[in-house]
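Undergrad: As annotated by Swiss-Prot, transmembrane segment applies to 12-32, 292-312, 853-873, 877-897, 958-978, 979-999, 1054-1074, with the evidence given as sequence analysis. According to Swiss-Prot, the region 'Disordered' annotation covers 329-437. According to Swiss-Prot, the feature compositional bias 'Basic and acidic residues' maps to 329-348. As annotated by Swiss-Prot, domain 'ABC transporter' applies to 484-726, with the evidence given as sequence analysis. Per Swiss-Prot, ATP binding site is recorded for GLY518, PRO519, SER520, GLY521, ALA522, GLY523, LYS524, THR525. Sequence annotations record features per position, and here Swiss-Prot assigns domain 'ABC transmembrane type-2' to 832-1029.
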Amino acid sequence: MRVRVDVCWTQHIFLFFVFGLSFMSFALSLDGDDYSKTGNPKALVSVTNLIYTRLQNLKTVLKADVDRDLGYCIKNLKGDWNEAFNFDKNLDFLSNCVKKNDGDLTLRLCSAAEIKFYFSSFVRRDEATTVHVKPNINCNLAKWVSGCEPGWSCNADDEKRFDLNNGKILPSRTRKCQPCCEGFFCPQGLACMIPCPLGAYCPLAKLNKTTGFCEPYNYQIPPGKLNHTCGSADSWVDAESSGDMFCSPGSYCPTTIRKVTCSSGHYCRQGSTSQKPCFKLATCNPNTANQNIHAYGAILIASLSLLMIMVYNCSDQVLATREKRQAKSREAAARHAKETTQARERWKTAKGVAKNQKMGLSAQLSQTFSRMKSARKDATPVKASGKSKDKKKEPSNLTKMMKSMEENPSNNEGFNVGTGSKPGKKPQAPKGKQLHTQSQIFKYAYGQIEKEKAMEQNNKNLTFSGVISMATDTEMRTRPVIEVAFKDLTLTLKGKHKHILRSVTGKIMPGRVSAVMGPSGAGKTTFLSALAGKATGCTRTGLILINGRNDSINSYKKITGFVPQDDVVHGNLTVEENLRFSARCRLSAYMSKADKVLIIERVIESLGLQHVRDSLVGTIEKRGISGGQRKRVNVGVEMVMEPSLLILDEPTTGLDSASSQLLLRALRREALEGVNICMVVHQPSYTMYKMFDDMIILAKGGLTVYHGSVKKIEEYFADIGITVPDRVNPPDHYIDILEGIVKPDGDITIEQLPVRWMLHNGYPVPHDMLKFCDGLPSSSTGSAQEDSTHNSFSNDLWQDVKTNVEITKDQLQHNYSNSHDNSNRVTPTVGRQYRYFVGRVGKQRLREARLQALDFLILLVAGACLGTLAKVNDETIDTLGYTYTIIAVSLLCKISALRSFSVDKLQYWRESAAGISSLAHFMAKDTMDHLNTIMKPLVYLSMFYFFNNPRSSFEDNYIVLVCLVYCVTGMAYIFAILYSPSAAQLLSVLVPVVMTLIANQDKESMVLKYLGSFCYPKWTLEAFVLSNAQRYSGVWVVTRCSSLSQNGYDLSDWILCLIVLVLMGLICRFIAYFCMVTFQKK
């Protein structure tokens, strides 16, 4: 941060150089006697012009000193000089003063030493804001001439030795003391004159006998001096201390000695040199200080609202039209495929009937005794047959197509459902990559589905892959096979040393549906999490082998599907949109669009979701599809990516029997294609029970009771003395026994069931479970002795801390684990996934238009309130009003930005665990939030700016607010990712207030000054003040320098402030992305 000199000292330096050096030229050129001796008006004009010309040449002399000492508040010396001392239009005040002083004007002007002494006195300032000059050679306790009074001045005593260039020695002044000229100001205690700047009104004061003040200034004539009268202005400092010198609001001062009231249709701010015309829709009466431009705010907000409504309606209409066209094309394709399939079936039936008739006729002819009789009998049927054949040929195109298919199954030219082309045009069915239009793609997809259905009916013993292969007549894409074997798998909670899964051995195989059952607390979900590589916070022992190799399951993440127990899907997307997004991001990047559509349509068909495919899934606040349909969508999200291993955590929970069977049939179709399916179920119905291939039953404590084929489960339990009563569902009976509701038959106990299974398969029995083996005495249990020692509280606390650190470390290692990819599947790149995410987030935002409109409405109200209440304060360059703006905009924009990442955390965790790009997810959300970054400053300023009407331009304010919103949005991302919604909202309210308070604290404290540099309100407020300060010139230049010096600002730092805000926003986004990846729960 730039180190500033004292506030007042800075002002002194500025005015010292401006006026001190300027009056050096007066001494070198002015000779007032030329006019006083002759009284010639031409001489007066020459003298006046000569003085003014010398004054204008000082810009070159002053440049180096101003750049060195006042560079923080004066960047354009020429421009600021002209704004303050360009008297080209009227030099009357100078001519009048030359005439009044009879040639001794030069002797009455302040020398360089006096100007320096005057401004150095500002270090001490009285509480009543009256400027006091320190005692000097002319004005002190022992000597006080009348020229020392405010508004008065005296001639220098020694005319010959008087030198305005002398900056060290104060000249003695005792002669010809009189009131100062109008257009000049004469400080109390100095006895010399300085010209007033443009924008000031410096007439001769008039005594108000009632108050005793010399109006319009705030000083009185000395008591007891009857001959003393009021003089001119007495000081020029900032607006707060010398506001009576400034041209009053509602008037303008073309010269420093003339004030004109603003006319109707114009407005004049304080310190104006000319009146400014009001805008057409603004109302400006005479003597108006600021124009009322509320109408333009209303027009702007109406335009923005209309634009947003148009964009929303048009985009919504485009989406609706696109969806309708898609649905129409899809329905037409489905109808076409069904009609074609039905026509094929009718042709097959007719052909079969004809063959049967021909075979019957041949048998009848073989039994005839007379050749003539047989000939007569044969003639009539042949004729009838010919007629029948002619009738069947009437629908010639369809008949030929069906006949061609039956005679040559390998030729698909007669059944080209993909394009609907006529027979004979193409010798081969079009593949997915050759299809481009939506109509062609849907015809291809539905044609394949209908053929698969027909093939499945005719070849019930064939696998689903075989059916697809026959239906497509192409080489079927084979999925990689995943077999998962586990040996002595044990999971132990860290810190508690409690087994949640113990000594589980077995395997789940491709092409089979394995069900995991057990009572509550048996570790079913933990078992699935261990298989899926998601178990953290525990110690794992034993082996998990993938296809016989000790590989991590994460190496097959791209072809592994995991369906969580909760329905983690996007409620503001339709069923089809949820499935389509998963398919796009997780299927092979080289797969054609038509094949992806075919896979999606297969899943929708198999899960029975056709009639709700275009319905929103729904959320807690907004109801959508039913719970059973939502559960099927939850499963379908994983099915569309064609997994080789599909793990489901209680997919049938909450479903009725029909929905459960529909879901399980869909899963069996996947298993027929070679998918390894493992799922947790709770007491399935007998029908569902028979649909499983393998069953894994766990007891409490994570011990295996049974793991094998469903066909052999009853036989096994019967062998150990557990038989299922009549009319009782076997799974229900086994669970009741494990829960302790039903006592098992015979002498066997629940604790012995896992040991019996281990002994049955020859697995080693843990030492502490040997007591449950049959025939062993209770004394030989070998159980470990209980630890009778008790740790102290501090030891327990330390152990808990260590455990939490280990669990956190384990979670971080899990999140950043990078296993070698063995799936042989190349998913879309980050760039392509980013496009998919942008499309998805765009749809979600359009469906949340009411929330967006509410955000804008709140911003409008805030802008109107703050614009009305926080009036422009020229004395402080409106610092306070901008402070309120920073707090309000930061708070409102942060709270609304929380929704970007706090609403769909669970969905992100699921997608990230499935291998979908986190970077694409984050960048797409941030990209769509840029619409708010652009629009919200416009919405707020449409009220605030036109109600407040500051001096700075609308464009400057908008740029600063855009950078501010970009910065605080990044901070909101961090809060949304790390904290719960309620905590994040509290932080979004607290942080702007605290940071603003820190940024506005006294800069003398180095700690607060250092902390303030890291607070975005400090840089935002500086940018606002600088954009406003640039508009203060002329008489305001000292106020500008004073305000910037007090706050430690520099005019050249405006761009720097914007860059810092943008950098803070970028850094916050990097931190937010890091937190999102690091602290996610996979």
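Glycine too: its Cβ is placed from the backbone N, Cα and C atoms.
Describe the structural context of these features.
TA: The compositional bias 'Basic and acidic residues' (329-348): residue composition by secondary structure is 20 helix, 0 strand, 0 coil, according to DSSP.
Contacts of SER520 (ATP binding site) defined by a Cβ separation under 8 A and a same-chain sequence distance of 6+ are given as GLU739, in order along the sequence. DSSP assigns SER520 (ATP binding site) to coil, not to a helix or a strand.
Remote same-chain partners of the transmembrane segment (877-897), defined as residues 6 or more beyond its termini with a Cβ less than 8 Å from a stretch Cβ, comprise 851, 855, 858-859, 862, 866, 870-871, 929, 932, 936-937, 940, 944, 948, 950-951, 961, 964-965, 968-969, 971-973, 975-976, 985, 988-989, 991-993, 996, 1000, 1016-1017, 1020-1021, 1024-1025, 1028-1029, 1032, 1039-1040, 1043, 1047.
Residues 885-886, 889-890, 893-895, 897-902, 905, 926, 929, 932-934, 936-938, 940-941, 984, 987-988, 991-992, 1016, 1020, 1023-1024, 1027, 1057-1058, 1061-1062, 1064-1069, 1071-1072, 1075-1076, 1079 of the same chain, all 6+ positions outside the transmembrane segment (958-978), place their C-beta atoms under 8 angstroms from a C-beta of that stretch.
Below 8 angstroms of C-beta separation, residues 883, 886-887, 890-891, 894-895, 898, 902, 968, 971-972, 1008, 1011-1012, 1015-1018, 1021 of the same chain, each at least six residues beyond the ends of the transmembrane segment (979-999), sit close to that stretch.
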Undergrad: Check the DSSP secondary structure of THR525 (ATP binding site), expressed as helix, strand or coil.
TA: helix
Undergrad: Relative to the mean position of the Cβ atoms of GLY518, PRO519, SER520, GLY521, ALA522, GLY523, LYS524, THR525, the recorded ATP site, which additional same-chain residues have Cβ within 8 Å?
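TA: What remains near the Cβ centre is THR526, LEU698, LYS700, GLY702.
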Undergrad: Please work out the number of neighbouring Cβ atoms within 10 Å of the Cβ of GLY518 (ATP binding site), leaving out its own Cβ.
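TA: For GLY518 (ATP binding site), the 10 Å Cβ neighbour count is 25.
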Undergrad: Looking only at the domain 'ABC transporter' (484-726), report the model's average pLDDT.
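TA: Averaged over the domain 'ABC transporter' (484-726), per-residue pLDDT gives 90.
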Undergrad: Please identify, from the binding-site residues PRO519, GLY521, GLY523, the residue with the sparsest Cβ neighbourhood, meaning fewest other Cβ atoms within 10 angstroms.
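TA: Counting other Cβ atoms within 10 Å of each of the binding-site residues PRO519, GLY521, GLY523 gives the minimum at GLY521.
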